[in-house]
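Some features that TrEMBL has for this protein:
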type	residues	note
TRANSMEM	A:6-26	transmembrane segment
TRANSMEM	A:38-62	transmembrane segment
TRANSMEM	A:82-102	transmembrane segment
TRANSMEM	A:114-131	transmembrane segment
TRANSMEM	A:161-184	transmembrane segment
TRANSMEM	A:196-215	transmembrane segment
TRANSMEM	A:245-261	transmembrane segment
TRANSMEM	A:297-318	transmembrane segment
TRANSMEM	A:330-355	transmembrane segment
TRANSMEM	A:375-392	transmembrane segment
Amino acid sequence: MAVADFIISLLTFIAIYSLFGIGLNLKFGFTGLIDFGHVAYFMIGAYVTVVLTMPAGAAGYSGIGGFALPELFGVLGPIGSLFGWLLGVLGGMIAAALVSLAVGVPTLRLREDYLAITALGIATILTTVVNDEEWLFNGPFGINTVHAPLRDVFPLSLGSFTLNMAVFGILSLAAFGLTGYWLARAFRRQGRRGKLVLGVLVPLVAVWYFVLPTLSDGMVELTRNTLWLFDPTAGPKGGMDYDRFVLLLSVAALGGGYWLVERTINSPYGRVLRAIREDEDVPRALGKETFQYKLQALMLGSALAGAAGALWAINIGFIAPDQFAATITFYAFTAVIVGGTANNKGVILGTAFFWGIRNGTRFIDVPSQYSIQLAASRLMLIGVVLILILYYRPEGLLGEQDYDIPLPSRDSSGGTDDV
Amino acid sequence: MSEQNTPTPTPGVTPTDSPKIGDDGDPILRIEGITKQFGGITALDGVDLTVDPGITGLIGPNGAGKTTLFNCLTGFHKPDDGRVHLYETDITGKEPPAIAQQGMVRTFQIPRELADMTVFENLLLAPMNQHGERLRGAWIRGDQFVEEEQVIRDRAREIAVFFEIDHLLDEPAGSLSGGQRKLLEIARALLTDPDIVLLDEPLAGVNPTLEQKILGRIEALVEDGYSFLLIEHDIDLIMDNCERVVVMHQGAVLTTGAPEAVQSDERVIEAYLGGDDV
Ligand SMILES: Nc1ncnc2c1ncn2[C@@H]1O[C@H](COP(=O)(O)OP(=O)(O)O)[C@@H](O)[C@H]1O
Ligand SMILES: [Mg+2]
């Protein structure tokens, strides 16, 4: 596997889990709701979307459905089919939100730790039900007839090999440029220490990504890594393969979720959420119906987890109950806490960090008799890093984010408009 | 908001300049037979009380049940027995947000600033019925959203100036001194545009200069038509500043009246000198 392919799969992973983490951050970071059952909504989103979008009577499947929404709208062409899939995702998100409503109504009125305990229990029960009740979603055999939106459009070829290479190449380079610019800006704000980190990190990554593959596999590999959106082996004329599309789709979904949560918290609504996190009695004494707010935050965060689940299904192409173990929730908590609780950028950073270590170390070549030790030491490394961060930077790498409700400027006498 | 008030288009957002007192000077609060027990302890034993517009002092030795009475009035505790009327509305057993929306807000004995939010944000939180406080309003931002937020910011700055905490607006509320926290709590409560504010020991642990400042502020606000029920256990302070005084002892109202009358009441002297710590 070329390095570019590995990076694409890793980035897809990070984008999907970041969306999952941003949902958790809305609950935990901004509202203070400890939901140890977050993975349940990931599972519900995945299953409901898959069942709504896959064809009926699929071989080897004996559960409810499928309902073939993309096929239904497919008469309108590929766009119709995509719309059908999006409807399926919406269904998955709504289902996740509704289940969280059912969990929230009895628990959110109680003390905050009740949610944590109850949610963990309910998530475990849900996974067990999906696993044991075969009539529901095929039980432990899972579903391998996941509908992949626009699958037959790919590999996407724009015509000639050169045109493909030029268009996707330029897009790839632009993405490199933007990332570089953004990284440089982010690190410059960190002062000398930031420059040092950047100065070490960039050459290391450059050597690993560009130089080493070229040395071992030659110019084709270099081209592949540089023009990463362009896959020369995708069809006779080259083009963009489906994995790259799934990455873009996941990044777009992450962008959407990020925007929505930012919009939600940078508002008077978000002020109430944070007030609930700090001390719920205060907003209550000021006339805010905090129960409604907590319920809505729970549902919105769960819906985002559901969307992440839908993407997970197309990325893996197969879903089964054992993919949704409670550990996934705790991975997300780790990512949120490492990156910075109540910081959406921090969630992405923490997720990248977590999955970078978790999956990135697969590339370390060790004699096979040590591979089990390597797997164990990965988690150990993450654990050590988590402890170090909790000790030296309890607020996480980035700390809580700043808030701002932008208004057309008028006067700013007295206080500030940056809230 | 009580029915006595002229309705404002967006309550809490538009400051009401009309006096808050009903024209006929009806009592604001009618409390009848409020009882509250915690396990074996009877914290409130049939409290009967009428609170008129203006400033009313509530005194009594430690453990007399003053804070518990506030908790029962504002919905933080459910009374075991008895009724509370805010103007004509029966608010017994309602939830705190509903009671605050009716026009009665409270502060806490130990100030509860939202420590990680700025002083400004603490204040901006308070005004009621903000358009952007609903999910739809926050997502789809019309002109109303912008206008309201601007009005609210102006009001928050104004009241911060009034309480002389305007230089602290950008500080995290957790960095304030004890006295500043008390001021912030009062300012925040007032921004809900209430009819009556229940202040739980706003003067405790506050230095004498600030004490006078807070009392001066409260008097100015009474002129504007706000009413206050104020807990304080320094008897002299209450006597000098309140129009009426209520004395509580062992979960019941001992006596009510003008400061001079209460001060010379033998039962009050007895409760203070004979009873628990003062
Ligand atoms: N939440 C509670 N649980 C148990 N006992 C309480 C509680 N709140 C108050 N009390 C008891 O009720 C009595 C009155 O307390 P409180 O209302 O705080 O008095 P005050 O404010 O007048 O000093 C005290 O004996 C106190 O111990
Ligand atoms: Mg008290």
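Each Cβ is built from the backbone N, Cα and C atoms, and glycine gets one as well.
A TrEMBL annotation is a machine prediction, not a hand-curated record.
The shown structure was predicted, so the numbers you read here are calculated from the model rather than taken from an experiment.
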Fill in the blank from the handout: If you count CB pairs under 8 A between the transmembrane segment (A:245-261) and each of A:6-26, A:82-102, A:196-215, A:297-318, the winner is A:6-26
Handout entry: Surrounding residues of the transmembrane segment (A:196-215) on its own chain - C-beta under 8 Å, 6+ positions past either end
Key = 2-3, 7, 183-184, 187, 190, 221-222, 225-226
Handout entry: Remote residues contacting the transmembrane segment (A:297-318) - C-beta distance under 8 A, at least 6 residues beyond either end
Key = 12-13, 15-17, 19-20, 22-27, 30-31, 33, 35, 38-39, 41-50, 88-89, 92-101, 103-104, 108, 142-144, 146-149, 246, 249-250, 253, 257, 260-261, 264, 273
Problem - Criterion met for the transmembrane segment (A:6-26) and the transmembrane segment (A:114-131) (at least three Cβ pairs under 8 Å) - result: no
